[in-house]
Amino acid sequence: VTCFCRRRGCASRERLIGYCRFGNTIYGLCCRR
């Protein structure tokens with residue numbers, strides 16, 4: 001499983017499973033199976 005923190009939505013094959021936080025910015029945690 002590969003995960004990324006993305007600011008603007010997930011790629012088509014990725015799933016949003018949580019959130020990442022850097023300072024005041026919240027990113028989506030997107031994982032690919």
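A Cβ is built for glycine as well, from the same backbone N, Cα and C atoms used for every other residue.
Listed in sequence order, Val1, Thr2, Cys3, Phe4, Glu14, Arg15, Ile17 are the same-chain residues at least 6 apart in sequence whose CB falls under 8 Å from the CB of Cys31 (disulfide bond). The disulfide bond annotation in Swiss-Prot covers Cys3-Cys31 (among others) and is backed by similarity to another entry.
Neighbour density for Cys20 (disulfide bond): within 10 A of its CB lie 15 other CB atoms from the protein chains shown. Cys20 (disulfide bond) falls within a strand when secondary structure is assigned with DSSP. Summarising the annotation, Swiss-Prot assigns disulfide bond to Cys5-Cys20 (among others).
Sequence annotations record features per position, and here Swiss-Prot assigns disulfide bond to Cys10-Cys30 (among others). Classification of Cys10 (disulfide bond) by DSSP places it in coil, neither helical nor stranded. Cβ neighbours of Cys10 (disulfide bond) (same chain, under 8 Å, six or more residues apart in sequence): Leu16, Gly28, Cys30.
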